[in-house]
Every structure is written in structure tokens, then in C-alpha cells.
Amino acid sequence: MSQLNTRSRRWDCFKRELPTDRTIYVDNKPSPSESPEVAIHQHHHYPNNRVVSSKGGVLKGKGLYKHIDHHYPNNRVVSSKYTAWNFIPKNLFEQFRRIANFYFLCVGIIQLIIDSPVSPATSIAPLVFVVTVTAIKQGYEDWLRHKADNEVNNRKAFIVHNGQLTQVKAQNIKVGDIVKVKVNQGFPCDLVMLSSYDPEGKCYVTTANLDGETNLKTHFCVPETREFQKESDFTNLCATIECEQPIPDLYKFIGRITVYNNSDSCLKSLGPENVLLRGARLKNTPYIYGCAIYTGPDTKMALNSKAKINKFSRVERGMNSYLIIFLVILLIEATVSTVLAYWYMSQDRIGNPWYIPDAKQSLTVRHVISDFLSFMILYNYIIPISLYVTVEVQKFVGSLYLQWDLEMYDEETDTAAKANTSDLNEELGQVEYLFTDKTGTLTENDMQFRQCSINAVKFVEVGGHLHEMSPEGGQSIPVIHLTPEIEEFLELLALCHTVRVDHHEANQTGASTLYSHTGMEYEYQSSSPDEKAFVEACRRYGVVFHGMRDNHLEVTFHGEMRRYKLLHVLEFDATRKRMSVIIQTEKDETVLLCKGAETAVLKIGTSGEIDKTNLHIHDYAVLGLRTLALGKRVFTQKEYEAVDKMLTEARNAMDSREEKLNEAFEAIERDLHILGATAVEDRLQDGVPETISMLRKAGIKVWVLTGDKEETAVNISYSAGHIHDGMEELRLTKLTCTDYTRCGEEISKNIHRCISRSPSSQHFVLIVDGFSLAFALGEHTEIFRKLCQMCEAVLCCRMSPLQKAEVVKLMKVADHTPVTAAIGDGANDVSMIQEAHVGLGIMGKEGRQAVRNSDYAFAKFRFLQRLLLVHGHYFYYRLATLVQYFFYKNVAFITMQLFFAFYSGFSQQSLLVSFHLMFYNITMTSLPIFIYSLFEQHISQRDLIDKPHLYKNITRNSKLDKKNFLKWNVLGLWHVFVFFFGVVFLFGNDVSLWPDGKMMGLWSFGTIAYTVNVIAVNLKLCLETYYWPLPMFMAYVITGVGNVSMTLLYSMLIWPSFMQTLQDFYKVYTTSLSSGTVWLCIVVLAVIALIPDLIIRVTRDTANQATESTTRRKMFNRKLLWYLFLPFSFCKRKLPADKLSVSFTRRSGTLTLSQVELAEDF
């Protein structure tokens, strides 16, 4: 009974959920109301308001539990996969999960058990080679990880204990320890900041190792602990930290700290700005002190190091399917051969040889199974064992090409393209739908303040100065003095933000001790480009933001200093689409300042010029400018007390803090007085229109998914070439889709509109907003997908991050299963990047979340053209050829064993010696195809860029479809037919090939057929090769010399009996090749076998040349037709003279259009 209870308790441990919170005692000191034993062993558990006693129990109030729930991990970093004792079993287990490796393992074991027709080494040796190469590669990679781990774990760290600084190894830091970190050092674990050198309790860190952002970020401690600036001061600190269990989100932290002072205590909330993460580095601050809260695998950096969900390419799925087909073929061949073997033995013969067994005596289950397995062993080389390891290495080396490609290197940001995975290289050549973000992806995300609306009056920036626009469209009037309305507007821009001020002369604490009267020495840093543009614009107009000192924001208005006490910050989030600050002015007035999307701000406005401001926002959006609305609210003392209490309670909550904060924000942000709106410009990146045009010609449909308002998104889409003149716009917006029924009607109407014009060349673009999308994806998914497929372009605006992922999934699961790619640069793009088959990240100005979650990353959108049209094309074509070639050469090789079975009476006699079987895939035919898969360029890079339509030729897995795969293997059957029966013809009638009448035997037959096979199979690859760099030549030289040398070595030596029992291949190779007839046979058979391949190559090249000639002729005729109808074109649309250059010559009465150059937008 006791054993049963013990088992039950053990299972209960697994069933019990992990507590949601943990309590940490700073410096292992208990609170005044608790026993010292409570905190000493805190690093032994994950408490939920529980603490471990020195007796090993868990104290909860006055109760005592007899078990310890969990253990805090130590701070040791373990990124390695293996250890010295588990490397061999774990690595072997992982490798034999592959179907090919497991199959050959089974075959090798069977060969050792039964009377195998060939040596077990023929299966075991290639398997050992493949497994060993893979194990060495993975072992070396893991050794490098061990080396890096040891370097990190043994770094020096300093902790404060009993008022003294103690040096320890980083791996020995425990939860609750007070850690001191000096300037330019990395944080050894996740810390809650307690104090710093800066009297304001601030420090500056860079998180480039975490999210790639290079700009400095400001972190600070709570005011109650910033006075502890020396080691000895911490003897007087008594505090506890309550926080959530570790989560991967780098930008989220929920916690609170209780600081005890004698009998009093002070409770303060903790957020991401109070936490210093492992992987970040301290900058511009001499030192900080922090309390360790997450260590080792619990740190956010470690949690983000976990592998992402694996994605599989079409080629890989096709490769696995064909492998299964070949396994089925192998089973069929073995079954048929077994049946025929017993049929042959059952035939009556005159003078039946003694060595042919009696079928009736042999027909037992044991004998049948043994014979079946023997035939499987004889034919098993139809499965290419080295395919997987070759593909793996080829993909890895291929992914390095992106990093080495200088044409994808951005000098401005000093960043090269990189591949976060090599598993999807070939999928880059299969993309049919591209989903792209707008801001920061198509545009520069470098905002410039252009216009604004203040109290229903439009203003524009001219030459760095603010001008009032004339209502009649006349000359603008410069603003000399700031009116109260303008000053109030600029005051909001200068205060409502999270901008940090840097001074170029500051070397320790940023700009906190250095003032600049004009502000020109300041460098503003912000995670929001819009906020940076606002503060810089205010500086140009004489309103300078100097930063925050002593919890006061300091701003000068034309030299007059004003200080505003910062009371609360209501952070921006994608749901509210706005952010606010609550400040106290020098006149003791408490004010809420709010800015955000006009849909989020104007709807909560109750006074001000709301309608006119909304009209101006629409005008700005038509110009392609990004807009924000601004408003304020003045609190009475009583109102602010209620607001402060509401926010404090929400921030200090440990459960559902985000929900409570959102409720508080919604209650506070209301009844705004609208001040006006801003308009900033975000210009397109270089090469965006050209890139989108090229992708469209390549057959890739481009969808733009953005959170911007409709007018802005449409304008940018026209500028980017995503929407072009002549497209008919179809709209599903808030104005037309008010509910599910209305949305379905609009979709059906648009589908009918497309169908009615289908015979014409009319192109459609669908414009849909987030509001209507919710209805379309809810109950009308199928017809909405149908409508999208009818449109050449789709523009989705006012979208949430989740809706972006839903739109990607909409096409991802379509009936024709297209390959999708998603590209973005910000955290709001991560969901769609992860949802798409191929995720692409832009190394932009919105952090590195998109880059970290992407499969491939680069600096500029224009690089996408080269990534897909060149690298993607090459990756796919090379790998598709490699896979088909591997199956082809094994068909051309092992099928001769099947043919020979008909001549040997299905006696399971092998035609080939073990040496040939063992090294065919390892050395005889492996190097040329591997080099081919790295260097082949069947079309030049320039042609791939200039002729994007070539990309269409490889999509839908067209080079690895059933037709092509069947063609390759039919050619393999033809080749083996020629090899085998050509040699049979040579040996016919027992003709001697030497003058002295010497005859050839079985191994001579097999050697000649094998030699023809190796030569022809390698020549077959030559006919598939269009690009011949030096490595390609050397691969054939090495293969040829190596094959001859290895075969001579094997055939000219008498091997020890433990390696080879029978020396029946001794000098067979040299004797066979000493006959001139044999050499002639090898040449003739190789040529005959490759005649169909030669015809296919010539036909293919001729057809390609004819297609190119036709394309050039059509382009010429199109230009000529355009020239002839040029006058009519001018009637429809005026073209500036500087955008047209036409010259022609008249020769023999023939008009020749020699040059027509048009602007890109014509």
C-alpha cells in the first residue's frame, strides 16, 4: 500500500501545474515578518508565495508540505546538444530516424543473419560512412557550442554578500543574488535593476545581441532603491520581488517589488523598463546593481534560443514520396523474383543439376522469407543511401552564398544577407504569393515631418520653418511667433513620447548632465520613428526637449525652460492604437496628452475642430503621408486621484495585469479636446517599383498588408507600382461591408464583375480593410479566396498582426496549395512571417523581431529580386537535378542485377562484386553531382534578372514533377538495358576476346558492365551541365583518377582472409581492360546509351533559343505598334517630352525603330 501511495504522489507531481508567480528575496534576506530560514534556500524552488524551509519542506502560511515542488536552475548556460556519454546513442538514434538510414540498418542486420548473396559490407560500409560523416559534422558543431558555453559560464562576475563584493563564476549566480555589472559588460542573467551610478537611477543598455537594435535604451530602478549605490549600503536593504514565471517575450515583464523600512513597506510595480536581460550590454554608465530573478535556462535569451517550428520544402516532401515509391518497387521486385525462383525450381528438367534444390522440399515459410530477404538485399541499392547527407551538405553550403553575395550587401547599414535556416533554400524558387508589410519594408521608415493641422488650420514645413498655408492656395505665411494654439500643439509633441536624449560629448550618463540651448547637439533616440520626427521638428521650431531629470520632463520654448512632472505613461499598443502621458505643469495643472491613429483618437474626442481635422487627415492621406491625431484632457484634482488609484492598482496587480491596464486606459482616455493632426512622410526605398514589377512578371502575386489607413496605403501602392494605372479597383471596406450579410453580397457582386469582364485584358485590384476582413474571413472564406485569386493585386489596410497571419493562411491552404512568402521588418509582422512557407525579414529600424523569426533576412526590399529570381532559381534547379540524378543513377546501376536474375535462374547470384556495390554511391558517382549542385548556372545571372518570366518555368515544382521524374528513370532503364545487353551481346556465343583464346568469366562480365555504367552516368551529368568552372572540371578528373586507382588497388592485391574470403577478383580488372575489344565496347555502349540524352539536350537548347527569338520579335513588334499608334496614345494621356526618346532610320524604304525609351511610369 505504501508503494502504491508513493507512485500516486509521484504522478501527482507531474499533474500539478507550474505556479504562475515566483517570490524572490533580495540578497536572500527574508521580510521582517518571516523566518531567516525561509529565504536561505529560495533558489531550490519555484514558489507561488511559497518558501523552502531549512528542513526541506515548503512553507505556506503556517502549513508545512513534505515535498519540494520545483528547483531553480543554476546560471549555467547549456546550448550544446550532446554530452560525452550520450553523444553516440543520442546521435545514432536521431540518424536512424531517417527512413533511408533505418532501412539500410535493417538490411545490414539481415545480411548478417541470413545467407546473404553479397557481403554484408556492401550495405554496412556505406551506412557507416554516411553515419560517420554526419556524426563528425554534428559532433564538431556541438563541440563548438560546448566551447562557447564554457567561455560564458566561466566568466567573472561580482555579487554583493554581507556588504562586500565577491568574485564568482557567472554559472554560480543564484536567484536573489545582488549582482554588480560594470560598463561595457554583459548582464550574466536577468536582473531587476536596484541602483546605478546615475543619481536618477538610470542606465543605458544596448540589446543588439537580443533583437539587433543598436540604439541605446534607457532602463531605470524604482526610486525606493536607487539610494543604495555602494556595497555596504545593501546591508540595510530588505526587499522581496514578486514576478511571473519566465516567458520568451523580450518586451513583456509583470512584477512588483516590496521595499521594507523598519515596520513600513512600499509596494512598486515593475515592468520591462526595470529589467536588464541577459545578452544585453551596459553602456555609458559606470556600474549598476541588480537582483537576479531568472537564471540559466529561465532567462529570456535562453527561452528565445529554442528552435522554431520546422518547415519543409516541396522538394523535400517530393523526395520522401519518391523514396517510398522506390521502396514499394523494391518490395515488388523482390516478391516477383521470389515467385519466379520457386517457379523455376519446380520445372521438370532432364538431368537436373545437383545444386538446384527441389522446390517441394524448399517451399517452407522459413525458406520463402529467407529467399525474399536475399532478393531485397540484392536489389536494395535502388535506394540512394547517400542522398540525404549530400542534400544536407549542399543546402548548408548553398545558404552561405547569400552571406557571400556582395550584391545583397548593404553598405549604408553594413549588413549582409543571412540565412537563419538552410532547409528552405529551394523553396525560394517556388514562391507564388508574396505578402509584404508597407512601413519599413516598402518604405524607408525614416519619417520626416511635413505638414500639420492645428485648430482646423493647415501648416506646412518650408526650409525647416513652419508656414501657415493659405486657404485659397496662395503663398504660405511663415510663423514668426507661436500662438497659444500652436504652442499647445507643439507642447504635446514635445512631451507625449518615449524619446531618449543623447549628447555626443557625454561618455557616461548620456545627456543627463549636459545642456544644449538650441538642442542641435542632442541626438534623439526612439523606437518609434514618428516620435523622433516630432521631437526633431519641435526643435527646428524653437521648442527643445532636453530629457527627463528628477522625474521631470524639461522643455525650452525659445529659451524659456519649463519643467513638467511625469506622473504616468499609458503605453502604446496595437489594440488601442494610441499612447498617452499624464503630466503636471508648473501651474499644478494635471493634463492627459494623447496621440494616435485618427480612428482611435477622434472617436473619443468631445470638443475641438473634429470634423475639419478629419477632413485635413483625409487630404494628407491622399498625398501618401502618415497621419496621427492629437488631443488632451485636463483633470480636476478629484478626477486625477481616481485615475492615479486606478492605474496604481492595475500596475501592481500580478494576475491579469494587461487586461486591467487596458480597462484603465480605456476609462482614462476619453473626453478629449482635439488639438489637430500631424502628417509625416515615409518615402519609398530605392528600387521598390522595379522589384515589384519584376516579381509580377515572374508570376508572383504581391499583396500589401498594412496597418495604415486606406487612403495612405492606396497612394503608396500606386507609388510602389503595386497598383498601376489601368487597374480597376474593387473595394471591401467599412463603407460597403457593415455586417456579414452585406459583406457576402459585396464579395459576390465583385466576383460577378470580374467574370463579366474575363474575356478582356482588364486587371483588378482588391482593396479591403481590417473591419471588412473580419466578416470576409468569418463566414465567406471560400468566395473571398476566389475573389482574391481573380485579382492581380490585393491591398489590405487597417490590419492587426493576427489578421496578417490569417490572410497568409487564407492562400496557404488554397486548393492549389501555392507556396507563400511573407516579408516584414517589425514585431507586428512576426505572425505572418511564421505562418508563411518562407519567412523573410528586413533589417530595418523597428528592431530585429522579424529578422529573428524569419528564415532569411536582408537589409533592403530590392534585394528580394535577386534572392528569388537568382538564388531561388539556382537553389531549386540544382537540388531538383541532384535528387533526380541520385534516383536515376541507382536505377541505371542496380537494375542489371534484376536482368541478370533471369540468366542465373533466380539463384540470387550477384553480377557485381562487393567492392562495386560498396563504393558506387560513395565515391564513383558522388563528387561531380555534388559540385554540380553548388556551381551549376544553366542560365546566367544577368538573364535571370533581365528575363523574370523564366521564374515561371520552375514554379509548382515543375522540375521534380511526376513527368520529369519518370523521364529520368525511363532514361535510367534505357541506359541499364544498353549496358547489360550490350555486354551480353559482346559475350555471345562464347567468343574469345584475346588471340590466345582466353575466356572471360562472371566477374569480367560484371566489371565491363559496371565500367560502362560509371562512365555513362557521369557523362549523363555532363550533358545536364551548362556551366563549367574549374571545380567542375576538377571533380571529373578526381572522380576518374580516383575510380581507376581504387579499382586497381582492390583488384591487384591479395587481401587478408578476415577481410575477403575469396580472392576471385584478383587481376580481373586489368585483364578485362587489356582487350581492345572491351575498350571499343565501352565507348560504343556509352555513346548508344546517351544518344537519347543528347537528342533531348539539343532539342531543349534549340527550343529555348527559338523561344528567346520569338520573345524578342514580340517585344520589337509591340514597340513598333506603340510607335505607330503614338499619336493616339497622346490623345489619351500626355507624356512629358523629357520622358520620351524616339529615333529611327530609313534603309531601303524600310522603317526601323532603333530605340524607344520610356519612363517607368508610362
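Keep in mind that glycine also has a Cβ here, set from the backbone N, Cα and C atoms.
Matching 98-119, 1000-1021 against TrEMBL, the residues noted as transmembrane segment span 1000-1021. The local packing around Arg626 (ATP binding site), expressed as other Cβ atoms within 10 Å of its Cβ over all shown chains, amounts to 24. Around the Cβ of Phe572 (ATP binding site), 18 further Cβ atoms fall within 10 Å across all displayed protein chains. The stretches the transmembrane segment (322-345) and the transmembrane segment (968-988) do not meet in space: the count of Cβ pairs below 8 angstroms, excluding pairs fewer than 6 apart in sequence, stays at fewer than three. The Cβ of Arg798 (ATP binding site) lies under 8 Å from the Cβ of Thr599, Gly707, Asp708, Lys709, Glu710, Asp769, Gly770, Phe771, each on the same chain and at least six residues away in sequence. When the alpha carbons of Arg626 (ATP binding site) and Asp829 (Mg(2+) binding site) are compared, the span between them is 19 angstrom. Sequence-distant neighbours of the transmembrane segment (1000-1021) (same chain, 6+ residues past either end, Cβ-Cβ under 8 Å): 885, 888-889, 892-893, 896, 909-913, 916, 920, 924-925, 928-929, 932, 971, 975-976, 979-980, 982-983, 986-987, 993, 1036, 1039, 1043, 1064-1065, 1068-1069, 1071-1073, 1078, 1081-1082, 1085-1086, 1089-1090, 1093. Long-range Cβ contacts of the transmembrane segment (968-988) within its own chain (Cβ-Cβ under 8 Å, at least 6 residues beyond either end) map to 884-885, 887-893, 895-896, 899-900, 903, 1000, 1005, 1008-1009, 1012-1013, 1016-1017, 1020, 1077-1078, 1081, 1084-1085, 1088-1090, 1092-1093. Looking only at the domain 'P-type ATPase A' (153-215), the predicted model's pLDDT averages out at 87. Each residue contributes its Cα atom, and for Asp437 (ATP binding site) and Asp825 (Mg(2+) binding site) those atoms are 8 Å apart. You'll find the Cα of Asp825 (Mg(2+) binding site) roughly 18 Å from the Cα of Phe572 (ATP binding site).
Residues 98, 100-101, 103-104, 107, 110-111, 114-118, 122-123, 126-127, 129-130, 133-134, 319, 323, 326-327, 329-331, 333-335, 337-338, 341, 879, 882-883, 886-887, 889-891, 893-895, 897-898, 901, 908, 910, 917, 920-922, 926, 929-930, 933 of the same chain, all 6+ positions outside the transmembrane segment (372-391), place their C-beta atoms under 8 angstroms from a C-beta of that stretch. A Cα-Cα distance of 11 Å separates Thr439 (ATP binding site) from Asp829 (Mg(2+) binding site).
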